[in-house]
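Okay, structure first, notes after.
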Amino acid sequence: MSDTTKVLVLYYSMYGHIDTLAKEIAAGVAEVDGVEVALKRVPEHMSAELLSTIHARTDFDTPIASVDELADYDGILIGTPTRFGNMAGQMRNFLDQTGGLWAKGKLVGKAGGAFTSTATGGGAETTLLSVYTNFLHHGMVVVGVPYGTPEMFDTSEARAGGPYGAATLAGGDGSRQPSDKERTIARFQGRHFAGVAKKLKG
C-alpha cells in the first residue's frame, strides 16, 4: 500500500465557474505534503447543438473520469452547479452508476466533500447536501469547511461559500466569475480536506 494519500477532484461545469473552483481546490489539496491530487470531469450528455444554443463552454481539457476509478482514491471532492436546488443531471447520472462500488463497499471510510455554483445563491446548501447523501450511503466521511480562514467571516461583499462547502455566485446571466474571496475559500477547502483525508488513511 502506498503512503501517498490520493484525492480526486471530480466535477461538472457548464460555464466555467465550477471549473475555476475545482482548480483552486486542487491547488489547495496539492499544498499538503504526502497528498496527490487528480482533477477530472464527468461526461457531458447534452448534444453539441444544445450546448451551442445555450452558449455553454465546450473547451474544457480536463480528463474524463470513469466510475470504477473512484475506488482508487482516499478522498473525493465533487463539484456541481445547482439545478433547482440539486446537483446537475450529468453528475447525478455519474453517481447513479456507482451501485457496483456500493455493493462491494469500495468507498467505505473514504473522505468526501463538495462545492457548487448558483446564480444568486438559491439552492447552494441543498445542492451540497444532495451530494453528501450519496457519500453517506457509501459509508464515506463527510468533510465540510471549518471557519478557519478570514474569508468565511467576511460580509463586506456578496459572496458564497460556507461550512457545507465552497461556492460561487454566477449572477442571473452567468457573467459573474468567482471572486478572490470565493477562490480563497475553495483553496482552503482543498487544503483542509487533504489533511483530513490523510489522517483517515492513517
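For all residues, glycine too, the Cβ spot is worked out from N, Cα and C.
Since this is a predicted model, take the numbers as computed values, not measurements.
Here Swiss-Prot flags 13-18, 82-84, 117-122, His137 as FMN binding site. For Tyr15 (FMN binding site), the same-chain residues lying six or more positions away in sequence with a CB closer than 8 A to its CB are Ala56, Arg57, Pro81, Ala170, Gly174.
A coil conformation is recorded for Tyr15 (FMN binding site) in the three-state DSSP classification, outside any helix or strand. The NAD(+) binding site annotation in Swiss-Prot covers Tyr15, and the record cites sequence analysis as its basis.
Feature annotation from Swiss-Prot assigns substrate binding site to Trp102; the stated evidence is sequence analysis. DSSP assigns Trp102 (substrate binding site) to a helix. A 10 Å cutoff on Cβ-Cβ distances gives Trp102 (substrate binding site) a total of 14 other Cβ atoms nearby, all chains included.
Looking at the domain 'Flavodoxin-like' (7-193) alone, the prediction's average pLDDT is 94. Summarising the annotation, Swiss-Prot assigns domain 'Flavodoxin-like' to 7-193 and lists sequence analysis as the type of evidence.
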Cα separation, Trp102 (substrate binding site) to Thr120 (FMN binding site) (Å, whole number): 35
Neighbouring C-beta atoms (10 Å sphere around the C-beta of Phe84 (FMN binding site)): 8
List of residues, in chain order, with Cβ under 8 A from that of Gly122 (FMN binding site) and at least 6 apart: Thr82, Gly85
